[in-house]
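Undergrad: Under the heading domain 'Kinesin motor', TrEMBL lists 9-340. If you look up TrEMBL, you'll see Gly96, Gln97, Thr98, Gly99, Thr100, Gly101, Lys102, Thr103 marked as ATP binding site. The region 'Disordered' feature in TrEMBL is assigned to 374-412. The feature compositional bias 'Acidic residues' is assigned by TrEMBL to 393-411. Feature annotation from TrEMBL assigns coiled coil to 436-463.
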Amino acid sequence: MSKLKSSESVRVVVRCRPMNGKEKAASYDKVVDVDVKLGQVSVKNPKGVAHEMPKTFTFDAVYDWNAKQFELYDETFRPLVDSVLQGFNGTIFAYGQTGTGKTYTMEGVRGDPEKRGVIPNSFDHIFTHISRSQNQQYLVRASYLEIYQEEIRDLLSKDQTKRLELKERPDTGVYVKDLSSFVTKSVKEIEHVMNVGNQNRSVGATNMNEHSSRSHAIFVITIECSEVGLDGENHIRVGKLNLVDLAGSERQAKTGAQGERLKEATKINLSLSALGNVISALVDGKSTHIPYRDSKLTRLLQDSLGGNAKTVMVANVGPASYNVEETLTTLRYANRAKNIKNKPRVNEDPKDALLREFQEEIARLKAQLEKRSIGRRKRREKRREGGGSGGGGEEEEEEGEEGEEEGDDKDDYWREQQEKLEIEKRAIVEDHSLVAEEKMRLLKEKEKKMEDLRREKDAAEMLGAKIKVPHPSPGPFFWCFLFYQKNGTRDDVPFKYYIPNSSMGSSVQ
């Protein structure tokens with residue numbers, strides 16, 4: 001059951017970068033003041049009269065140009081990532097004018113531990129937590145996409161020309177069809193996934209930013225956690241962390257954008273305008289319709305803004321007088337966003353929780369073996385207490401009882417195997433992280449296993465009829481986990497195949 005939680009506001013923090021070289025060379029004034037203790041940002045009017053009061057905004061936290069990357073992460077983002085590890089959805093997104101440090105905040109500087117951004121710091125956080133967990137098991141998957149000119153691209157796909165579609169389901173909400181998902185087992189592996197995606201990301205130079213992001217990028221980390229509850233049962237929680245680096249809003253007169261750059265800027269501004277409209281509709285209290293469908297960006301952020309997620313918005317601003325209007329626009333949007341109410345809840349027991357599937361299957365088989373072992377032991381003790389007949393008679397009696405038990409078990413075994421394969425087929429159909437070709441291949445494999453199971457059952461029945469004894473029991477089992485590999489992946493989703501083996505002993509290691 002999902003544990004509902006009362007609504008909570010989107011958390012909004014503001015970060016102001018230092019004056020850059022161009023701004024200093026042009027002798028622009030610094031018009032932004034940051035009061036870290038009060039959580040306030042004040043903006044002076046560079047053209048105003050001396051006695052004009054600055055415009056002041058108050059946020060959950062503010063960071064000035066001296067703030068360290070690790071301070072920002074520990075104080076603002078660590079609690080949210082902890083919530084994701086507990087099974088909540090979480091979103092962190094950087095918003096602001098182009099050139100204000102959004103990508104620096106989210107990614108930082110590669111190779112410099114002191115300047116690592118939110119994304120690499122979250123990697124360390126997640127896998128450190130997992131390494132210290134004693135009674136929990138985790139499965140971590142990563143996906144990476146960008147929205148470029150209102151088209152969605154999978155940054156981890158070999159085919160960078162393919163455009164993906166948005167779909168929606170009543171139970172899970174909006175998702176990207178055929179988006180690849182990579183299982184990662186360490187910081188090194190998930191960093192490799194991010195680096196591959198970054199190489200495919202759309203960037204370009206403008207007058208305001210030499211390495212301007214020309215797309216919105218979303219790095220998605222899905223974390224499944226399994227642990228035994230007080231009731232002795234396995235419980236699954238699935239948290240999803242969306243790490244969003246938005247492209248910056250632009251004014252063509254300042255960026256000097258022309259041709260393709262101008263076309264990119266137009267699409268960027270349209271999607272950011274749609275985001276602003278969603279924020280306004282959510283907080284004005286009068287709108288009966290929230291325009292999530294106006295852009296791909298707002299549809300993907302639908303849960304993060306007014307839905308099932310904990311959300312932190314980082315508003316990035318610059319201090320120079322040259323950009324005072326853009327700075328005020330960013331602060332006004334951020335000021336409205338802090339009034340958005342989300343309704344986050346722990347995501348427990350999803351239909352396609354992979355860890356729960358194989359753990360419950362293993363537990364069931366172990367319980368079946370244990371039950372049979374206990375039954376035999378009790379019958380032997382009862383016969384000894386009753387002073388049963390001679391050794392040969394006792395052995396024959398035990399064999400007869402076991403034969404009856406095996407006869408009763410055989411139908412259950414075939415039925416359970418059939419049901420298990422049907423469940424696995426449904427899981428494949430509903431797994432939206434699989435590409436169509438991979439899904440067809442896996443479904444064909446399951447069909448083949450079902451056909452093999454039918455042949456195995458027919459052969460057992462024919463053998464039983466010929467020798468006129470109860471059908472061979474499925475008997476003790478051993479199991480193995482088969483991992484299929486998608487192109488470019490390491491280990492991915494496990495599927496099981498259980499092999500009956502009547503020659504084995506009565507215990508399974």
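Each residue, glycine too, has its Cβ placed from N, Cα and C.
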Undergrad: Which state, by DSSP, holds Thr100 (ATP binding site): helix, strand or coil?
TA: coil
Undergrad: Rank the binding-site residues Gly96, Gly99, Gly101 by the number of other Cβ atoms within 10 Å of each Cβ and report the first-ranked residue.
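TA: Sorting the candidates by Cβ neighbours within 10 Å, the top entry is Gly96.
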Undergrad: Give me the mean pLDDT over the coiled coil (436-463), rounded to a whole number.
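TA: A mean pLDDT of 74 is what the predicted model shows over the coiled coil (436-463).
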Undergrad: 10 Å Cβ neighbour count around Thr100 (ATP binding site)?
TA: 27
Undergrad: Over all shown protein chains, what is the count of other CB atoms within 10 A of the CB belonging to Thr103 (ATP binding site)?
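TA: There are 25 of them.
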